[in-house]
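A.B. asks: Copying in the features that Swiss-Prot gives for the protein in this structure:
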SIGNAL    1-19  signal peptide
CARBOHYD  44  N-linked glycosylation site
DOMAIN    53-600  domain 'PLA2c'
CARBOHYD  96  N-linked glycosylation site
CARBOHYD  141  N-linked glycosylation site
CARBOHYD  281  N-linked glycosylation site
CARBOHYD  286  N-linked glycosylation site
CARBOHYD  316  N-linked glycosylation site
CARBOHYD  319  N-linked glycosylation site
CARBOHYD  373  N-linked glycosylation site
CARBOHYD  393  N-linked glycosylation site
CARBOHYD  449  N-linked glycosylation site
CARBOHYD  501  N-linked glycosylation site
CARBOHYD  558  N-linked glycosylation site
């Protein structure tokens with residue numbers, strides 16, 4: 001134990017040897033070869049990115065003209081349309097509110113298009129979101145909402161939401177029931193070594209540090225995010241030691257991705273240019289928002305409005321071409337990317353390490369030193385360096401970005417937009433409805449209060465004259481006080497049911513009209529599901545109970561009436577674009593679930609010892625698993641025993 005402790009400390013404090021990994025092979029970067037996916041991870045599981053020779057004349061950074069999508073994303077969505085339309089038609093035919101519609105004219109290339117956004121919130125979000133996706137999955141038993149996952153075109157995730165979507169993406173989009181029992185594992189916590197842990201045996205700390213040192217030794221700057229990413233990946237990837245060489249771009253090889261069988265996955269993060277604000281990891285609401293797919297790192301914001309292949313992240317570019325003909329692969333490690341989207345846990349990682357064993361306390365002191373030296377964000381070699389005029393075409397990349405060597409990327413929810421809905425508002429994606437699953441810990445006892453939607457609303461309505469984004473409109477939403485006082489955060493709520501009553505004004509509905517938002521908050525249907533943000537150990541039985549709570553909350557205890565009303569929300573924009581009236585049945589649904597504009601801004605006392613908002617468990621039983629309060633009690637007792 002003591003030998004291991006000193007060895008681990010020595011590893012952390014050792015000076016990294018910086019070098020360059022050379023490869024004699026010529027790695028073609030032509031646009032044709034972008035379509036050739038990177039290989040699956042090999043058994044040589046090194047975390048170090050690989051430097052290869054490549055053609056320095058190839059353009060690898062492309063501007064994104066307004067009205068267009070990145071080329072391979074567009075190809076994916078074109079392929080996705082037929083799969084999604086077939087699933088959506090089946091869903092709508094089964095609901096009494098939409099079965100009588102002429103679905104052949106409503107469902108098609110012109111819509112409806114669906115998006116899913118899973119909020120941040122650590123394990124709380126991953127497990128509630130997992131239950132929600134299970135509820136939307138046609139492969140799940142006893143769900144009234146089955147088929148909506150198969151109908152969706154996009155899925156976004158930030159923080160814990162990115163853990164969820166990445167876990168699905170790298171594991172062939174297996175069912176939540178399967179993946180939660182075979183891969184998700186939290187009982188030992190994230191930085192603990194009491195038992196055998198995913199092939200680490202008793203060398204957990206040593207392995208994590210060795211892996212990060214491999215990256216440093218290859219000549220790349222490392223940060224707290226590298227350690228955090230290596231730790232969290234062990235809990236959702238399903239590969240030995242969390243897949244040290246598993247890349248996000250390798251998802252292109254997955255059969256589900258090649259056939260576009262499930263939604264296009266986007267990890268959402270934010271960029272800070274010009275360094276961190278003094279004493280803060282936050283950002284202004286007009287900072288750049290980046291999204292990472294298996295194909296591209298993209299930003300639609302006007303100060304970037306460009307995209308570059310995910311496969312070659314880490315490459316040093318100058319004006320869109322690789323410097324000295326050297327390209328980097330394997331920088332886009334899945335753990336590193338989702339760690340980037342959840343960097344707020346970097347600070348918690350330090351705190352946990354300082355509170356644990358003597359060995360982990362030493363880890364904490366070392367990581368805290370990294371924080372003091374400015375390594376609390378994630379370092380991405382800037383692909384937009386000097387990218388002012390690529391191939392004779394002027395770019396939109398701003399001077400403060402082209403002049404910096406690194407993109408400082410960090411948590412996708414730091415500006416308050418904890419529901420990663422922004423990428424789904426881009427007019428180019430033509431989405432009609434967004435399911436927004438909110439597991440934010442807004443209140444003192446970690447329940448959502450709508451603040452995430454309010455932050456997006458303010459980003460749009462308080463748009464400065466020099467705003468860096470094109471999204472100009474959003475649905476109207478009330479204050480967090482109204483969310484709580486009217487119970488909008490305790491039940492599903494539809495926002496923007498009338499497409500002519502958004503921030504865009506009373507104008508005809510078209511694809512520039514913001515999508516209707518179906519707000520689905522984390523609520524205690526079968527158990528108290530308000531896990532604290534920095535809880536790291538969860539019993540396997542509690543994982544299943546939390547997933548079941550998300551399932552029941554999403555289906556409203558398998559309510560057929562709610563499922564029929566959700567069908568109304570899905571087709572609403574398509575009907576409005578055609579000037580078709582809403583049916584009487586759907587009007588009744590909207591009167592029940594749509595926010596009608598009522599406000600109640602009475603201050604909400606958020607005393608953590610006696611909070612005003614402290615919802616009770618709604619039901620003692622649920623369809624499918626028949627979870628009950630007694631089970632929750634035993635799960636809690638078991639968790640306390642494990643964590644004692």
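One-based numbering along the chain as shown.
Just so it is clear, glycine is given a Cβ too, placed from its N, Cα and C backbone atoms.
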A.B. asks: 141, 316, 319, 449, 501: which of these glycosylation sites has the sparsest Cβ neighbourhood within 10 Å?
C.D. replies: 141
A.B. asks: Quick check: of the glycosylation sites listed here (96, 141, 449, 501, 558), which one has the Cα closest to that of residue 316 (N-linked glycosylation site)?
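C.D. replies: That would be 449, the closest of 96, 141, 449, 501, 558 to residue 316 (N-linked glycosylation site).
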A.B. asks: Within a 10 Å radius around the Cβ, which one of these glycosylation sites has the most neighbouring Cβ atoms: 96, 558?
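C.D. replies: Ranked by Cβ atoms within 10 Å, first place goes to 558.
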A.B. asks: Compare the C-alpha of residue 449 (N-linked glycosylation site) with the C-alpha of each of the glycosylation sites 96, 141, 319, 558, and give the closest one.
C.D. replies: 558
A.B. asks: Counting distance between Cα atoms, which of the glycosylation sites 96, 141, 319 is nearest residue 501 (N-linked glycosylation site)?
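C.D. replies: In terms of Cα distance, residue 501 (N-linked glycosylation site) lies closest to 96.
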A.B. asks: Summarise the model's confidence over the domain 'PLA2c' (53-600) as a mean pLDDT value.
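C.D. replies: Mean pLDDT across the domain 'PLA2c' (53-600) comes out at 88.
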A.B. asks: Which whole-number value in Å describes the distance between the Cα atoms of residue 558 (N-linked glycosylation site) and residue 141 (N-linked glycosylation site)?
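C.D. replies: Given the Cα positions, residue 558 (N-linked glycosylation site) is 11 Å from residue 141 (N-linked glycosylation site).
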